[in-house]
Amino acid sequence: MAAAAGSDKVVETVIVGNYVEMESEGKSRDIKSKVSKLFWHGGSAYDAWFSCASNQVAQVLLTLPYSFSQLGMVSGIAFQLFYGLMGSWTAYLISILYVEYRTRKEREKVDFRNHVIQWFEVLDGLLGKHWRNVGLAFNCTFLLFGSVIQLIACASNIYYINDNLDKRTWTYIFGACCATTVFIPSFHNYRIWSFLGLLMTTYTAWYLTIASLLHGQVEDVKHSGPTKLVLYFTGATNILYTFGGHAVTVEIMHAMWKPQKFKAIYLLATLYVLTLTLPSAAAVYWAFGDLLLNHSNAFSLLPRSPFRDMAVILMLIHQFITFGFACTPLYFVWEKAIGMHECKSLCKRAAARLPVVVPIWFLAIIFPFFGPINSTVGSLLVSFTVYIIPALAHIFTFRSAAARENAVEQPPKYFGRWVGAYVINIFVVVWVLIVGFGFGGWASVTNFIHQIDTFGLFTKCYQCPLPPSSPHLAANATAPLPSPSPSPPPRIHHP
C-alpha cells in the first residue's frame, strides 16, 4: 500500500514542470532553434547547477580572505562548511515548497506557461497573504542590495587596473552597462552566461590561491584573528551572505524542464563552490595575515601582473552576470505590478524594467563600502530571506497530519523524516536568529556605521590611497574599527 502511494507521488512530481511551449521548442529541428537552444534557452538540471554555482560565488570570493582575517583560519573554514550545509538545507526546503505549490495549482488547472512563479507567490499560495507580504519585502530588499553590491564590486575591481577614474565615476559607467540586463527575458536565457560565469570565478579563485602561495608570506606576518567580537561576527555574517545566494531558487527552478530534479542541485553546487572559496581564502590569509584587516578586496594585496588583470576583467564580466541574476526577479515583480509580465514584446518589457535599475545605481553611489556592506546585508536581510522564512514556512505548511500525509515530497529517511526535518528547521531558525541576525547584525551595523563616520556617504573614491605613491599601488584599505593601539596599519609595497 505504502509502495503504491509512493509511486503515485513520483508520478505526480514528474508532471510538475512540463511546459508545453518549451517542449515544442525543444522538438524543433531547424538550425536557428538548435543554436538558440545551445546558447540561449536552457532548462536542464545542468543549467540549474551552473546557475546556482555561478550565482553563489561572485564578488564575495574577493572578501572571504578579509573575513578569514577577522575570524581566524579555523573559524573561517568551519563557518564556510557549516553555512554551506545550512544554505543547502534551506534551498532544499524552498524547492520542496515550490513543488508543493506548483502541484496544487496544476491540480486546479492553473496555467503557468506565460507566468514565472516567484517565492512570494509560493508563500501566498501555501500560507496566505501575510506570509506573502513578509516574503516579498525581505526578498526584494535583499535582491535590491545584492544588485547594489555587484555594482560596487565592479567599480572597486576596475580601479585596480585603471585608476585614471575614481570609483564613483566607474560606478556610473558600470551602472549603465548593467542596465542592459533588462533585455534578458528570464533565467532560461542565462545558459551560456552561467557556464562562462563559473569558468571566470574558477579562474579567479585559483589565481588567488596560486598567486598567494607563490608570493609567500609577507615579512613579520601575523595571524592574530579573532581579536574582537565585533570583527568576529562581521566575518561570520559575510560567510552567511556567501552561502545565502538562493534567493533566486524559485526562479531557477521555474526555468527547469523538470523542477523536481532540483532537490540536490544546490548541495552539489555548494560542494563545488567550497573547492573555490576554501583554498583561495586560506591561501591569501596565510600569505598576508592581519594586513587583510585593512584590505577588504584581496586584489589590493597582490602585485599587478597580466594574470591579476585577467582575473579582474573576468570578475567584472561575472559581476555583470550576477547583477542580472539578482535583478531579474525584481524585473518580474515590477512587471507584475504594472501589468507587463505577460507582454510578448521584449522591447516593451525591457523599457518597463528600466526604472528598477535607477534606485540600485543611486544606492551604489551612496554606500560604496565594498566588504562591510556584504556583512550588513547578510545579517539583516539574508538571515530572514533564505534561512529563517523558508524554515518557518516549511514548518507551518506541513504542521497538520493531513498536509504531511498528502505532501508531494516526503523528507528523506536519513534526515529522520518529519521529526528530523522539524528539528533541523527549528535549529536553523534559532541559530540564524541569535547568531546571524542578533550578534551578526550588531557587529555588521557597528562596522558599517564606522565606515560612514570615517568616509562619509557619497564618498568619491572609497579605499583609494591618498596620495598614491604609484599608479599601480594597491588601494588603501577599509578603515578598521577604533583600536587602542596608536600605530597606523601596516602597508605593503610591491616593486
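Positions of Cβ are set from backbone N, Cα and C atoms, glycine also.
What TrEMBL annotates here:
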- 481-495: compositional bias 'Pro residues' (COMPBIAS)
- 41-434: domain 'Amino acid transporter transmembrane' (DOMAIN)
- 475-495: region 'Disordered' (REGION)
- 77-99: transmembrane segment (TRANSMEM)
- 136-158: transmembrane segment (TRANSMEM)
- 170-188: transmembrane segment (TRANSMEM)
- 195-218: transmembrane segment (TRANSMEM)
- 230-253: transmembrane segment (TRANSMEM)
- 265-288: transmembrane segment (TRANSMEM)
- 310-334: transmembrane segment (TRANSMEM)
- 354-371: transmembrane segment (TRANSMEM)
- 377-398: transmembrane segment (TRANSMEM)
- 419-442: transmembrane segment (TRANSMEM)
Quick one: do the transmembrane segment (265-288) and the transmembrane segment (310-334) reach 3+ CB pairs under 8 Å, ignoring pairs fewer than 6 apart in sequence?
no
Other than its close neighbours in sequence, what residues sit by the transmembrane segment (377-398), given a CB gap under 8 Å and a spacing of at least six beyond its ends?
86-87, 90-91, 93-94, 96-97, 100, 123, 126-127, 131, 134-135, 138-139, 141-142, 145-146, 149, 237-242, 244-247, 404, 407, 418, 421-422, 425-426, 428-429, 432-433, 436-437, 440-441, 443-445
The transmembrane segment (354-371) versus listed stretches 77-99, 170-188, 195-218, 230-253: most Cβ pairs under 8 Å:
170-188
Please work out whether the transmembrane segment (77-99) lies in contact with the transmembrane segment (310-334), by counting C-beta pairs under 8 angstroms that are 6 or more apart in sequence and asking whether there are at least 3.
no
Per the 3+ Cβ pairs under 8 Å rule, pairs at least 6 apart in sequence, do the transmembrane segment (170-188) and the transmembrane segment (310-334) touch?
yes
